[in-house]
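Student: First the structure, which I've put down as structure tokens, then a few questions once you've had a look.
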Amino acid sequence: MSYKMFGRCRTACFRSPNLFAANKGMPLQASVAGGASRYIIGTASVLVGAMAGFYIMNSRSAIHEYVSCPLVRLVTPDAEDGHKLGIWFLKYGLAPKLMFDKDDPVLKVEVFGKTMSNPIGCAAGLDKDGEAIDGIAQSGFGYVEIGTVTPLAQPGNPKPRFFRLPMDEAVINRYGFNSSGHKKVYDNVLSRVRQFLGAYFRDDTVNSLALYKDKLLGINLGKNKNGDEVEDYLRGVEKFQSLADVLVINVSSPNTPGLRDLQQEGRLTELLSMIVAKRNSLINEGNVLGASTHKPPVLVKIAPDLTEPELQSIAEAAKKSSIDGIIVSNTTIQRPDSLYTVDEELKNQAGGLSGKPVKPFALKALRTIHQYTKDTNLVLVGCGGISSGQDAIEFAKAGAHFVQLYTAYAYRGPGLIARIKDEVTEELRNEGKTWMEIIGQDAK
């Protein structure tokens, strides 16, 4: 292009009425001011959007307890639909997360030869098929338990089978071990392990199957409705030994006919002994992270509706079979007079009651079990009605090495976990103790 032609083009450009002004005749200064205003407004909008996004995705935000969770209950009159919606959000990373999750050292738990950064666990029943492990772990739990998983896929009991008692912050369920079965759940859990191992950036200090530093993954095993009461559990151990930090044997659901009969001392001792033998036979097969040996602890989950002699028998079965721990407890078939729910039909629905009203039963059973196991290495896990830091501390002082919850998480939202940890930390600091130092304190 010649110099003269370039000059003509340049002159034409600067004479263009629309190049620096939105309207004909607009002064250059006004155009610049308008552009600056638009830039400031745009930047502010982005910042406000980012702050709003951070607030919404931060589990500590009050909006989740007071708006999001009530809204979910409002749009899902059938509680099971609400359960499914919650899992969907957790599965696809849309649920709020505990930002900058760093646990106070006083919360550390040394258990099964491993470390948990905090003693708050998610109980089985929330993520039955291992679809949302990451979403749950990112709420701040130190332990995540999936299941119950049965060998074959089964639909469970007819619907409706899940009922809310909001005045009591409780639910009644009679799911009946609805499960996608061993193969599907195995594939779900293995898939995230493969993604972890294939990631370019990953934390090489992680040595737990939860795939998070100082967190553990438990897999809860059950039997099919018409399955063999021993073989079904052995198949579960064989299938999931390499994928679990902890294996849990569920013999206490009230919704599978005859299942609770397995809590009788003779039958339970035989069952647990065979499970431990199966676990031991697989130790040298290692785990999916490449460990040459792997020996996940075996825990049994029991009901809260047991007499002291029955609890003593379970303690004896646990000792004789050499399992590693007991989870106290599952749901209750009792309907205490303390329930605020006035709808007789609702509160007397068949199934297991969980949530706040279960706490007295679970705590009493835990204290009894601790009395008969305190001179052993058995690890006790408290579960039932825990919804605050004070609840967690009560269970610890009664003998629980760590605790689990589920129903309160559904009612209060993911921010509950941070709040419980904050409350426990504050109380421990006030007492000048650590979590490990208060375990069984009231029974000493």
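If you go along the chain as it appears here, the first residue is 1 and each next one adds 1.
Every residue, even glycine, has its Cβ placed from backbone N, Cα and C.
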Student: For the FMN site that Swiss-Prot describes with Ala124, Gly125, Leu126, Asp127, Lys128, Thr148, Asn220, Asn250, Lys301, Ser329, Gly355, Tyr406, Thr407, which of these is also annotated: Gly198, Gly385, Gly389?
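Tutor: Answer, per Swiss-Prot (FMN site with Ala124, Gly125, Leu126, Asp127, Lys128, Thr148, Asn220, Asn250, Lys301, Ser329, Gly355, Tyr406, Thr407), from Gly198, Gly385, Gly389: Gly385.
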Student: What span in Å does the FMN site cover, taken as the longest CA to CA distance among Ala124, Gly125, Leu126, Asp127, Lys128, Thr148, Asn220, Asn250, Lys301, Ser329, Gly355, Gly385, Tyr406, Thr407?
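Tutor: Greatest Cα-Cα span of the listed binding residues: 20 Å.
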Student: What recorded positions in the list Ala124, Lys128, Asn220, Ser253, Gly355 lie within 10 angstroms of Gly176 (substrate binding site), counting C-alpha atoms?
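Tutor: Close recorded positions: Ser253.
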Student: Under a criterion of Cβ-Cβ distance under 8 Å and sequence separation of at least 6, what residues of the same chain contact Tyr406 (FMN binding site)?
Tutor: Cys122, Ala123, Ala124, Gly125, Leu126, Ser354
Student: Can you check which residues sit near Lys301 (FMN binding site), meaning Cβ under 8 Å from its Cβ, same chain, 6 or more apart in sequence, and list them in order?
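Tutor: Looking at Cβ-Cβ distances below 8 Å from Lys301 (FMN binding site), excluding near sequence neighbours, one finds Ala124, Asn220, Val248, Ile249, Asn250, Val251, Ser252, Ile326, Ile327, Ser329, Asn330, Cys383.
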Student: For Asn220 (FMN binding site), name the DSSP secondary structure in the helix/strand/coil scheme.
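Tutor: DSSP call for Asn220 (FMN binding site): strand.
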Student: Whole-number Å distance between the CA of Gly355 (FMN binding site) and the CA of Arg174 (substrate binding site)?
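Tutor: Cα-Cα, rounded: 15 Å.
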